[in-house]
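Chemist: Annotations for this protein, taken from TrEMBL, read as follows:
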| type | residues | note |
| --- | --- | --- |
| REPEAT | 81-115 | repeat 'PPR' |
| REPEAT | 116-146 | repeat 'PPR' |
| REPEAT | 148-182 | repeat 'PPR' |
| REPEAT | 218-252 | repeat 'PPR' |
| REPEAT | 253-287 | repeat 'PPR' |
| REPEAT | 393-427 | repeat 'PPR' |
| REPEAT | 428-462 | repeat 'PPR' |
| REPEAT | 463-497 | repeat 'PPR' |
Amino acid sequence: MPEPLFNLATKILFHHRTGTARLVQAQAFLYFSSSSTASTSTPSIRDLNSKLNRLVSLDIDQARDFFRTQFLSSDSRFRPNLYTFSILLKGLCRTNRIDEAFKLLSLIKSSRLKPNHVIYNTLIHALCQNGSLGRARSLMESMRTPPSDVTFNILISAYCAEGQLVKALVMLEKCFDLGLVPDNISVTKIVDLMCRENRAMEAVEVLERFEAKGGVVDCVAYNTLIKGFCEAEKPNVARKVLKEMERKGILPNVRSFNILSSGFCDVGKVDDAKELYQEMRTDGVEPNFDTFDILIRGFCLSGRVNTGLEILDLMEEFKEDYRHRIGPYNSIIYGLYKEGKNGEAVEFLKRMESNFPRAIDKTLRIIALCSDGEIEEAKLVFNQMVLEGGIPNALVYAALIQAMCQKNNVKEALNLINEMVQKGLFPVVSTFNALICAFCKEGELVSASRLLDEMVMRDCVPNVASYAPLVQGFCELEEVERAFSYVLKMMERGVVPDSDIWSSLVKNLITGTQKNCSLLDEFIFRYPEDLILPSG
């Protein structure tokens with residue numbers, strides 16, 4: 001076959017716009033070209049391997065038939081070499097024909113050829129891809145040649161993907177024992193898995209051994225380690241890792257600084273995070289959107305919204321495009337919401353309106369509808385907002401929860417609170433109080449009690465309005481002892497009961513049993529200066 005015709009057929013095969021009929025013709029032309037070339041020129045094994053490689057990428061069945069015809073038939077002029085076998089083996093593994101691939105391995109072994117690393121590694125990789133890690137390891141141990149570093153890379157990566165750290169470490173040791181060094185990617189996967197299992201200090205040792213064996217640790221590996229220490233709430237140790245990077249001549253990138261900045265913010269060390277920002281600018285590392293987003297959120301969560309606003313101004317000056325990403329703006333709103341400055345938060349929404357007209361329009365509509373008691377209409381706008389990919393802010397959630405509680409939609413309100421928490425927006429005391437009050441109105445005092453405990457556990461300080469519905473609810477059920485216990489908890493936490501709480505409690509204590517009178521005597525003894533008897 002003249003070479004130009006062969007090239008034309010190949011181009012047709014690989015052109016993605018070729019029609020189906022023409023593609024089939026080209027496949028057939030290429031497939032049968034081996035017989036026509038016999039009359040014009042004698043192909044070499046290199047030519048046959050090249051054709052086999054093309055067929056493998058098109059149709060594994062045609063490739064297999066071509067292999068049998070050209071290499072295994074009685075009149076074949078050539079016998080397959082290792083490269084021939086590796087081509088077909090790759091195709092069989094790629095199409096998940098593992099059993100056929102093993103038969104091909106047996107055929108290789110029965111010939112005079114000795115399977116090499118490429119053959120074994122192809123099979124081991126296919127087994128790992130199919131989740132047959134035990135079989136892959138057995139194959140490695142049965143290899144007629146010592147495994148290569150690639151073999152260990154495959155197995156280490158597979159064990160890490162399955163979360164099997166111990167087995168990944170065993171493979172690493174075997175690799176070192178054979179004088180081999182895995183690649184940086186495999187070792188980084190081990191480090192990542194160790195950090196996720198809170199073993200960051202041991203991960204440091206793994207990297208040190210890897211370097212001692214001649215491995216090169218890059219910025220990605222160090223970033224993984226920095227992240228591990230930050231997730232373990234040890235950002236100061238992570239900062240030492242950053243300094244160690246620099247000492248070794250490995251320049252931290254913006255991700256290195258962002259991970260560490262987030263780590264400082266997570267433990268409330270926002271000033272350290274801000275210093276880190278100055279450090280990265282001094283080092284010539286340009287911040288990205290995440291840099292500003294992390295800092296703004298960190299300061300707002302720490303109750304320092306004014307600093308968050310300063311960084312927001314810095315972000316807007318730094319890059320115009322960042323003005324159109326809503327995350328940092330929602331952090332400011334959340335910070336104002338946490339400080340009880342809902343009026344200022346609504347004013348800030350107006351500042352956002354030019355950048356996010358649709359989102360702000362829906363936010364203000366939801367707040368207005370909730371204020372008017374139009375909860376069903378507000379829910380429709382909320383659902384539309386979410387469907388369009390909008391991100392509801394804290395004011396939206398707070399307004400909906402408040403309105404739902406007023407309409408006694410307790411279950412929906414609780415679901416929204418859970419959704420808030422999942423998105424990193426922890427409700428303030430007024431939002432919790434609305435739900436506690438709604439639970440108590442429904443007679444669900446146990447649920448209200450659990451919610452109060454959840455508040456305290458999450459460092460949300462209850463106030464008088466948190467306890468009042470519970471005290472009054474238990475008094476109405478004549479469970480005065482339970483009501484009394486909540487008043488004691490209030491006093492222990494420095495919350496002074498108001499006159500309504502005293503009225504509910506003291507009336508029940510005075511008119512109750514001898515046991516109730518004993519409770520009153522105990523309370524007067526413990527808190528004589530705080531007792532205000534109800535008038536009349």
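Just so it is clear, glycine is given a Cβ too, placed from its N, Cα and C backbone atoms.
Those TrEMBL annotations? Automatic predictions, nothing curated.
A quick note: this is a predicted structure, and the numbers were derived from the prediction, not measured.
Can you walk me through where each of these features ends up in the structure?
Modeler: Mean pLDDT of the predicted structure over the repeat 'PPR' (81-115): 91.
Sequence-distant neighbours of the repeat 'PPR' (116-146) (same chain, 6+ residues past either end, Cβ-Cβ under 8 Å): 82, 85-86, 89-90, 93-94, 96, 98, 101-102, 105, 108, 154-155, 157-159, 162, 164, 167, 178.
Among residues of the same chain six or more beyond the repeat 'PPR' (148-182), those with a C-beta under 8 A of the stretch's C-beta atoms are 117, 120-121, 124-125, 128, 131, 133, 136-137, 140, 189-190, 192-194, 197, 206, 209-210, 213-215.
Non-local neighbours of the repeat 'PPR' (218-252) in the same chain are 184, 187-188, 191-192, 194-196, 198, 200, 203-204, 207, 259-260, 262-264, 266-267, 269, 272, 276, 280, 283, 285; each lies 6+ residues outside the stretch with a CB under 8 Å from one of its CB atoms.
Among residues of the same chain six or more beyond the repeat 'PPR' (428-462), those with a C-beta under 8 A of the stretch's C-beta atoms are 337-338, 340, 397-398, 401-402, 404-406, 408, 410, 413-414, 417, 469-470, 472-474, 477, 490, 493, 495.
Here the repeat 'PPR' (463-497) has, by DSSP, the following mix of helix, strand and coil residues: 26 helix, 0 strand, 9 coil.
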Chemist: Per DSSP, what is the helix/strand/coil residue tally across the repeat 'PPR' (116-146)?
Modeler: 22 helix, 0 strand, 9 coil
Chemist: Can you count helix, strand and coil residues in the repeat 'PPR' (253-287) using DSSP?
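Modeler: When I sort the residues of the repeat 'PPR' (253-287) into the three classes, I find 26 helix, 0 strand, 9 coil.
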Chemist: Near the repeat 'PPR' (393-427), which same-chain residues lie under 8 Å Cβ to Cβ, leaving out any that are not at least 6 residues past its ends?
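Modeler: That would be 330, 333-334, 337-338, 342, 345-346, 349, 363, 366-367, 369-371, 373, 375, 378-379, 382, 385, 434-435, 437-439, 441-442, 444, 458, 460.
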Chemist: Can you count helix, strand and coil residues in the repeat 'PPR' (148-182) using DSSP?
Modeler: 26 helix, 0 strand, 9 coil
